[in-house]
Structure formats: structure tokens, C-alpha cells
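Participant: Pasting the feature list from TrEMBL:
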DOMAIN    1-99  domain 'FZ'
DISULFID  Cys28-Cys66  disulfide bond
DISULFID  Cys55-Cys96  disulfide bond
DISULFID  Cys59-Cys83  disulfide bond
TRANSMEM  163-183  transmembrane segment
TRANSMEM  195-218  transmembrane segment
TRANSMEM  230-252  transmembrane segment
Amino acid sequence: FPNLVGDESENDAANGFSTFDPLIKIRCSSRLKFFLCSIYFPMCTDKVPIAIGPCRPLCERVQMKCEPLLKEFGFPWPISMNCSKFPLENNHDAMCMKGPASEEDGPPIAEELESDITKNVITSNRCMQQPSTIYMNRTGHCVPLCHSNNGYTKDDREAASTALFIMSLLCTALTSVCLLTFCTRKHCLVGLPELSLLFCSVSFSVSAIVYLFSLLYRDQISCIEYNSKLIFVVTGVQHIPCTIVAILLYYFGTTGRLWWFVLCCTWNKYTQRHQQNSVFKFSMLHNYYGEIFN
């Protein structure tokens, strides 16, 4: 490295090569894959001081077959693949690779495949213009890098993390006090309001602990390695730690809200009954004193 298109590392070359997957898929030229390999990963030998790339006729044949398709989608032939910079033929002055002997073009492009290729080509080129994202073939979208701001400033991310940490810690402390109170006063667990408060505290306590755990191990939970880079877990990508955390937060969060609803209903019913008893006692007392004064 650098290779024949100017990439400084193997990872950059692999990412650049992957942007041509749509063209390889539709087989605009059977020599395209060999040509791309020869410029992104040229041959190296101790006997020759420079990398051995493709011959100019190979580049011109691939360009003749694939450039019309690129122009149809509004993309020019890459400047880094200018055929004039490659040797005209393989000889003692300049070595190059001629490529396959025969050209076997694929079948015509189907409409649905053409639509898919248009989307992939546009998306992959858009990702190349955004340094904080990488194109992922599995999803067909630009995926942000794990430590990128992704539309937010660094201060915003730190403020959100700090707020989530403080609220989770506060929730854990309050629910722990509530649970300790129930443990020391078990005779209080006689009615549905008390049991609802107990289960609600347990659910929100577990949710807060999961949030704290996800903050401490955020990279292991929310990021995966792709082409030697850490990217965020997105839809279409399976990552067991992220799935487990999502299930726990959904289950205990929903359970806590349901028990909170039950607590509100039972407590409301209890207060109404208490108010009715107070009104009844007040009316009896009022009648009693009324009879005395009469």
C-alpha cells in the first residue's frame, strides 16, 4: 500500500471494493471482478519494485461494458480508474495482468434487479461522502461508526449519558429503600396496594440496573465489528447482548408501568372508601349532637 487507487490500508481497500458489489452482482462485465482485484489488491513480488496492476486493454474493455450503466444512474467513471495510467501491454519495460481470455457477459438486467442496483449504488456513494458512516452490504444502508456523533455534539452525548446515569442511580436507590422497608415490615404486605407497590419497585429497580449496566458496557452492547471497524447495531443485524438488554428493558419497563396502574386504581379505591367512612362518621356525630341540643 498504497494501492493503485490511492488507498493507504487494507481496510480502506476492502471498503472501496465493496462499493462495486452492485456492478459485480449484475455482471456488466465478467472481467470486472478481476479488474477490481488487480487495482485494489495488486500483485506484489520481490523481483519487481512496483505493484503489478491490470493492462490498459483490460481496463478499457471493462470501462466499455460498465461505464454506460454508471452513466445511466448518473455516476461517471472513477478518475482513480483512468485507463491511460495502466501499461499498454505486459513486457520487460512494464508488467501488467491481461485478465481472463474470454468475455462472457451476463444476461440482461431485470427491472427489480435494476431498481436494487440503483438504490445500492446511490447509497454506497452517499456513504463515501460521510466520513462517520460506512456502507453495510447486509442492510444496504449507511451505518454510523460506534464513536461518531451521528448528528449530535459531544456535549449533548455526554449530557444525555450523565442524566441517564444519575436518574438510573436515583431510581435504584429509591426502589432499594422501598424493598428494604417491605423486608423489615412484612406484616404490611396484606393488601393489593402494598403488593402492587412491591412489584412495581422490583420492576423499576431491575430496569434501572439494566440501564446502568448498558452505560458501563455500551461498546460491547450497542456496537459490533464490521470490516475492522466498530459500528452501531442497526435493524437487520443480530447481536445477542443488544437483544438481551432490549428484552429486559421492554419486559420490566412494561411490567413496572402495569403495576403502577394497578397501584393507582387500588389506591384510588382505597381513598374513596376511606372518605366514605369519614363522611359516615361525621354524619353520625352531627346527628348525635343535633339530638342533644334539640
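Backbone N, Cα and C define each Cβ position, glycine as well.
Not measured: the values here are computed from a predicted model.
Have a look at these and tell me how they're positioned relative to everything else.
Facilitator: In this structure, Cys28 (disulfide bond) belongs to neither helix nor strand by DSSP; it is coil.
Sequence-distant neighbours of Cys96 (disulfide bond): residues of the same chain at least 6 apart with a C-beta under 8 Å from its C-beta are Ile52, Gly53, Pro54, Cys55, Arg56, Leu58, Phe86, Pro87, Glu89, Asn90. According to its DSSP assignment, Cys96 (disulfide bond) is coil.
Less than 8 angstroms from the CB of Cys59 (disulfide bond) sit Phe35, Met81, Cys83, Phe86, each of them six or more residues away in the same chain.
Cβ atoms under 8 Å from those of the transmembrane segment (163-183) belong to residues 189, 194, 197-198, 201-202, 204-205, 207-209, 211-212, 215 of the same chain, restricted to positions at least 6 beyond its ends.
Below 8 angstroms of C-beta separation, residues 161, 164-165, 167-169, 171-172, 175-176, 178-179, 182, 189, 241, 245, 248-249, 252-253, 255-256, 259-260, 262-263, 266 of the same chain, each at least six residues beyond the ends of the transmembrane segment (195-218), sit close to that stretch.
When Cβ-Cβ distances below 8 Å are used as the criterion, the transmembrane segment (230-252) is approached by residues 134, 136, 138-139, 141, 143-147, 150, 203-204, 206-207, 210-211, 213-214, 217, 219-224 of the same chain, each at least six residues removed from its ends.
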Participant: Could you please provide the mean pLDDT value for the domain 'FZ' (1-99)?
Facilitator: 85
Participant: Three-state secondary structure of Cys55 (disulfide bond) from DSSP?
Facilitator: coil
Participant: Drop a 10 Å sphere on every Cβ of the disulfide-bonded residues Cys28, Cys55, Cys66, Cys83 and tell me which sphere holds the fewest other Cβ atoms.
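Facilitator: With the disulfide-bonded residues Cys28, Cys55, Cys66, Cys83, fewest surrounding Cβ atoms within 10 Å: Cys83.
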Participant: Under DSSP, is Cys66 (disulfide bond) part of a helix or a strand, or is it coil?
Facilitator: helix
